[in-house]
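Below is one structure, written out as structure tokens; the observations come after it.
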Amino acid sequence: MALHVPKAPGFAQMLKEGAKHFSGLEEAVYRNIQACKELAQTTRTAYGPNGMNKMVINHLEKLFVTNDAATILRELEVQHPAAKMIVMASHMQEQEVGDGTNFVLVFAGALLELAEELLRIGLSVSEVIEGYEIACRKAHEILPNLVCCSAKNLRDIDEVSSLLRTSIMSKQYGNEVFLAKLIAQACVSIFPDSGHFNVDNIRVCKILGSGISSSSVLHGMVFKKETEGDVTSVKDAKIAVYSCPFDGMITETKGTVLIKTAEELMNFSKGEENLMDAQVKAIADTGANVVVTGGKVADMALHYANKYNIMLVRLNSKWDLRRLCKTVGATALPRLTPPVLEEMGHCDSVYLSEVGDTQVVVFKHEKEDGAISTIVLRGSTDNLMDDIERAVDDGVNTFKVLTRDKRLVPGGGATEIELAKQITSYGETCPGLEQYAIKKFAEAFEAIPRALAENSGVKANEVISKLYAVHQEGNKNVGLDIEAEVPAVKDMLEAGILDTYLGKYWAIKLATNAAVTVLRVDQIIMAKPAGGPKPPSGKKDWDDDQND
């Protein structure tokens, strides 16, 4: 009989062999804080217009060169459970606002770093948490008073482009004026009267070659495809969309046919040809002059399409088919039947064009109220275009936020310093031990202008003391001047560097929640990982169409 080895007494004897558990301040809380600090330190250097790029190679060996925190975190696949909570908070920020993910990380990291100092002094975790929650509520009370202006007219391209400039600046510093104008044109052209703006209605088509300044906006959709038949341009297009292959419906029968004469050979496939001819003619008779199909196109069907002057476009992606249906107002038909008038889509012109050396099919809507707008991006490398696409995404999301709430607060660290100043003076009035946590919460706001200053290569302490001095005089809108070679400050409202109110509101809320959640953990219990080989960690979604 095998010798029985007794387990160590205590918590471990209840768990299966191989399980790990950590408890108490030293093992659990400080370790978690350390992991979150490391994560915040990674993305902190990418904060702001002068932030550095990160080169990330993911598990599929795809290369990303970007300073967009959301992309960096998504591709890093963070394993540490506490750091994962902060990553989740930044994902929530991306879903809620679409921008400000790095703010959440930097701020949450600063909160936890300062919480560690308080815990080492001897405060209890519950006192730190209570202080942080009081300070967060206070920050949300102060924030509406810091609003410096509101968007007046979201249908004015010049005004919208000036408001989008700040969010694009942090991703594409130097190209922000041109890109903001492009995005403003695209957003304003499809902004419905109801005021419900859908970010999916702005499409991006990336075409290699030329430079960023050759990018343009089109009302309608652009596909990197070629037409199948001879017809390459149609004006006043009536469009029939099919989700099935453009082919005859013939049952596959196995059998041997004995053909004795040439006439029999001629007649053998005539019935099939006549049927195909009748089908294509029926479609042409409805007035449809463009057919878009989601499957393969048979040679015979192509021949008859050319005969009846029908333009044929093949889209492999079901997502593209859906978006096209939405753009032109068509219904995708599952069988090759002639469409009725309601099922056909309309647009002003469909034509084959060449951008650089890439063939594209353009479905153009001249009307200003087209359902979908496409930004055609040009760039010298794929990585550059991917990064510009992320900047466009941020710009479009900022426009969406402005349609929900038009209020704006000053950027460049001005809002953060004002919040820090007011929350510190509020902390002085609190009698309990929470006042230390409230003051540290205020100090955490300094991490934002500090990161901006460090990334711009100026002395952070000097900048922050200058900002405090100016804010003490009552200039709420003064922030860091990142373009100056020396530590300098300027009025953000005059410079046009503005952040959305909602973006700041949610970022403070989510960062505080994440930090408090991490602090609340006092035990980590990890079961032994299941044995056996790990499944291949390839792409989660086998249907790759949505990325086309």
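Using the three backbone atoms N, Cα and C, a Cβ is placed for every residue, glycine included.
Note on TYR30, TYR242, TYR308: Swiss-Prot annotates phosphotyrosine at TYR30; no matching annotation appears for the rest, which is not proof of its absence. Going by what Swiss-Prot states, the ADP site holds TYR47, GLY48, GLY100, THR101, ASN102, PHE103, MET169, SER170, LYS171, ASP499, and the candidate of GLY248, GLY255, GLY412 recorded there is GLY412.
In Swiss-Prot, the entry for phosphoserine among SER23, SER161, SER167, SER216 corresponds to SER23. Fewest Cβ neighbours within 10 Å among the binding-site residues GLY100, GLY412: that distinction goes to GLY412.
When the record's ATP-binding residues GLY100, THR101, ASN102, SER170, LYS171, GLY412, ASP499, LYS504 are compared pairwise by CA position, the greatest distance found is 18 Å. In this structure, the C-alpha atom of SER317 (phosphoserine) lies 30 angstrom from that of LYS171 (ATP binding site). Between SER162 (phosphoserine) and TYR30 (phosphotyrosine), the C-alpha separation comes to 44 Å.
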